[in-house]
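According to TrEMBL, the protein carries these features:
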- 5-73: domain 'MIP18 family-like' (DOMAIN)
- 109, 110, 111, 112, 113, 114, 115, 116: ATP binding site (BINDING)
Ligand SMILES: Nc1ncnc2c1ncn2[C@@H]1O[C@H](COP(=O)(O)OP(=O)(O)OP(=O)(O)O)[C@@H](O)[C@H]1O
């Protein structure tokens with residue numbers, strides 16, 4: 001029996017959660033080969049019986065495929081206490097995304113304030129800071145991620161892993177992306193009823209092979225509704241980022257969105273506020289700031305939500321153009337002003353998330369009441 005052949009065979013076994021092979025994912029430890037005995041420890045991010053059985057069976061099958069006489073013993077281990085494997089301070093039983101450390105919901109009171117623009121550019125800036133980041137565009141009524149990331153017309157592939165169909169996210173700029181826009185036409189979404197929409201979001205969280213991530217950014221539809229509820233009922237949301245424009249009207253709607261996260265049953269901490277379209281600076285007058293939509297809306301919302309102003313993003317033509325062209329403004333290395341503004345937001349989000357995780361345990365998943 002050759003150890004290298006056994007390692008190669010084990011490299012064909014996929015973690016049904018992430019789609020990654022168990023060797024690359026460093027899940028196999030203490031491999032011992034003493035013919036005909038093969039034993040090793042399999043480090044698992046979660047311990048539900050179905051998942052354990054699937055992996056055990058797949059490992060046995062892979063090794064016995066090359067050494068039919070092998071006597072394979074797989075010892076299953078859950079690192080449990082290591083916070084690295086779980087969201088907000090440790091993995092939980094039944095958690096569909098144990099390999100995603102932080103799930104961050106981006107929310108706004110009303111549409112058009114730039115929530116999708118913030119989600120996309122924040123995700124890319126966090127990636128540049130060294131994080132493994134994914135984007136879930138859950139804005140069923142106006143999914144913008146496909147256009148903003150140049151993925152229009154593409155469809156994610158469905159692949160069977162141990163007999164169960166799993167959706168493989170698409171990739172843009174090195175980042176895994178799922179969007180309701182890949183599977184539902186916007187006109188169709190408007191007529192779909194709540195339970196169907198929530199079902200799609202649940203499916204994207206439970207049946208998608210997200211790779212291991214430091215952050216999954218979830219772009220929510222504006223306001224409060226079924227999708228928001230479905231998210232907090234399916235996964236432990238680490239925190240919310242609120243997006244607003246500086247004017248009063250946007251602010252009163254944003255407060256309603258904020259209040260949803262503070263409901264006694266929900267209790268998702270607000271990490272902070274991004275004020276978008278804060279001012280306009282004409283190219284020919286770079287030192288002038290025109291406050292077209294008023295001032296201080298972000299600051300005021302941060303105060304009301306007992307959080308911080310994560311950053312202010314000015315109105316810049318290239319932000320809209322970047323969104324329309326599938327190349328987000330953050331990626332334009334020449335536009336240092338814009339890049340710095342997004343970087344500031346990303347650094348603050350990373351810092352606030354770390355602080356939050358230090359100070360409190362994982363957010364409770366909201367129980368579904370029938
Ligand atoms: N800071 C900005 N400067 C210039 N244009 C911007 C800025 N932020 C957003 N936009 C543009 O405003 C429009 C609306 O933005 P976006 O789609 O991000 O908003 P939204 O809040 O997600 O809206 P909806 O919820 O309706 O999808 C887009 O065309 C976008 O490119």
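Backbone N, Cα and C define each Cβ position, glycine as well.
Contacts of residue 114 (ATP binding site) defined by a Cβ separation under 8 A and a same-chain sequence distance of 6+ are given as 108, 243, 245, 276, 277, 313, in order along the sequence. Other Cβ atoms within 10 Å of the Cβ of residue 110 (ATP binding site), summed over all protein chains shown, number 17. Local packing around the Cβ, expressed as the count of other Cβ atoms within 10 angstroms, is greatest for 109 among the binding-site residues 109, 111, 112. Helix, strand and coil counts from DSSP across the domain 'MIP18 family-like' (5-73) read 24 helix, 19 strand, 26 coil. Under 6 Å, Cβ to nearest atom of ligand 1: this is the test, and of the binding-site residues 109, 110, 113, 115 it is passed by 113, 115. Under DSSP, residue 110 (ATP binding site) is assigned to coil, being neither helix nor strand in the three-state scheme. All protein chains considered, the CB of residue 115 (ATP binding site) has 28 other CB atoms within 10 Å.
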